[in-house]
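A.B. asks: Starting off with a structure, shown below.
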DNA sequence: CTCTGTGAATGCATTCACAGCA
DNA sequence: TGCTGTGAATGCATTCACAGAG
């Protein structure tokens with residue numbers, strides 16, 4: 001039996017188990033790698049050629065142990081006693097994140113947000129060209145937004161296949177989102193970024209990420225409230241014990 | 001010594017330790033509570049009065065154990081054998097998330113994205129009225145966007161104080177973001193939602209959440225790449241063992 | 001002697017599984 | 001009996017701390 005990689009896993013009958021090529025990288029680490037990449041790109045522009053884990057972690061807003069652990073998932077490309085070569089690191093992170101391929105983006109729903117996304121330079125510049133725009137509104141069909149003419153949503157499959165769209169962005173009203181998602185999926189799009197405040201149902205082989213602005217606001221709101229509660233609890237407790245031989249009250253989290 | 005709440009923590013000298021009033025709620029749970037709230041609001045509109053953990057969890061895209069655990073942080077407001085009263089649950093989650101207070105929002109940077117945010121109805125409707133807009137461009141000063149006249153950024157402190165802004169949204173180019181953030185902080189804003197692709201430095205008492213669209217794209221890209229790797233590895237392995245008495249190869253994650 | 005890379009330890013979050021209430 | 005609420009168990013992620021390369 002050909003042992004493709006020395007895998008000490010017990011194979012079931014008539015199966016060979018191959019350990020996944022790329023070491024599994026924790027989801028949380030992937031998100032941070034993208035941030036490191038951005039910071040490193042800035043370093044390249046500033047002419048920095050070498051950087052230590054301490055410096056890079058500070059610039060990325062994490063601690064250095066976490067940074068080194070994250071980079072260790074990518075591989076060992078640092079020099080002990082010195083640090084990392086910025087360009088080497090950039091190219092390895094890009095490889096891990098799959099940025100050597102081009103990823104064309106389609107934006108569906110050309111309202112306020114869709115307009116903003118179509119015009120947003122950050123996609124283009126970071127390797128995610130917006131290749132197609134869609135809307136139900138027939139008055140918009142053919143109208144150029146950010147240099148790209150809007151297509152009618154009924155043409156979504158043909159256009160996505162032709163322009164090799166690999167990422168779909170949903171910027172429609174919530175009622176339309178699931179239907180749009182279904183159409184994107186049947187057009188072969190396997191990655192979706194969803195701005196509509198709904199939970200999308202998709203097959204297992206489709207990856208969805210969501211950005212819900214109201215949820216972000218509510219999380220911030222929670223923290224305001226918590227801080228206010230703590231402050232008032234501390235205040236109340238201090239009032240309560242006033243002159244009872246205790247100097248101060250501390251709130252432990 | 002007045003034991004405000006039976007806290008079994010060893011107090012340091014001249015200190016009384018008060019256990020935090022609201023049980024600490026995991027960060028991850030807070031994000032999901034906001035989602036449950038949205039789903040529940042939809043239920044109210046549909047006239048649903050009671051819902052089981054199974055139904056609600058399905059609608060929110062999580063499993064029911066997680067849902068029940070999350071709700072247990074809010075309190076025990078379900079009826080065993082029956083489920084939850086939708087309205088009761090809504091009001092308790094709103095209380096926990098601090099949505100009983102009004103949270104006025106200021107958007108800084110009235111470019112593409114700022115425009116979209118100023119016009120976005122989702123904030124208003126979910127209790128986060130946009131109360132102020134700012135930009136450096138003097139040509140924009142006084143121009144109404146989404147019904148609100150833009151103020152010049154130099155007036156940020158006065159306007160934020162006057163309109164009781166509690167959440168600042170940064171939608172400026174990356175170069176300007178840190179300076180804007182500093183101004184918001186000195187205007188007393190303690191919550192910031194940052195759309196600029198930079199890591200903001202803030203004091204400990206300020207809460208920042210970030211939305212980086214390119215990072216989201218790159219995370220999606222990573223998953224495409226991983227899937228492609230797996231598929232090709234599986235393919236290669238299958239080719240390799242062709243006709244060696246093994247039926248199929250399985251990739252274990 | 002400096003700074004990376006990484007096992008081991010700790011701390012969170014998720015899931016399990018069942019006691020207990022309606 | 002049906003479904004919630006929750007300790008206990010499991011599984012991830014983060015942090016520690018130090019061996020070892022340069």
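Cβ from N, Cα, C; glycine included.
According to TrEMBL:
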type	residues	note
DNA_BIND	B:35-74	DNA-binding region
BINDING	B:109, B:110, B:111, B:112, B:113, B:114	NAD(+) binding site
DOMAIN	B:99-199	domain 'CoA-binding'
A.B. asks: At a C-beta cut-off of under 8 Å, are there same-chain residues at least 6 beyond the DNA-binding region (B:35-74) that contact it? List them, or none.
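C.D. replies: Non-local partners: 23, 25-26, 29, 82-87, 89-90, 92-94, 96-97.
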A.B. asks: Provide the list of binding-site residues among B:109, B:110, B:113 whose C-beta sits under 8 Å from chain A at the C-beta level, in sequence order; use 'none' for an empty result.
C.D. replies: B:113
A.B. asks: Per DSSP, what is the residue count of the DNA-binding region (B:35-74) in each of helix, strand and coil?
C.D. replies: 30 helix, 2 strand, 8 coil
A.B. asks: So of B:109, B:111, B:114, which of the binding-site residues has the fewest other Cβ atoms within 10 Å around its own Cβ?
C.D. replies: B:111
A.B. asks: List the residues of the same chain that sit at least 6 positions away from residue B:113 (NAD(+) binding site) in sequence and have their Cβ under 8 Å from its Cβ, in sequence order, or write 'none'.
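C.D. replies: Those within reach of residue B:113 (NAD(+) binding site), by Cβ under 8 Å and sequence separation of 6 or more, are B:171, B:195.
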A.B. asks: In sequence order, which residues at least six apart in the same chain have a CB under 8 Å from the CB of residue B:110 (NAD(+) binding site)?
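C.D. replies: Looking at Cβ-Cβ distances below 8 Å from residue B:110 (NAD(+) binding site), excluding near sequence neighbours, one finds B:118, B:133, B:134, B:135, B:137, B:140, B:145, B:150, B:171.
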A.B. asks: Any idea what the model's mean pLDDT is for the domain 'CoA-binding' (B:99-199)?
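C.D. replies: A mean pLDDT of 96 is what the predicted model shows over the domain 'CoA-binding' (B:99-199).
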A.B. asks: When DSSP states are grouped into helix, strand and coil, how many residues of the domain 'CoA-binding' (B:99-199) land in each?
C.D. replies: 39 helix, 28 strand, 34 coil
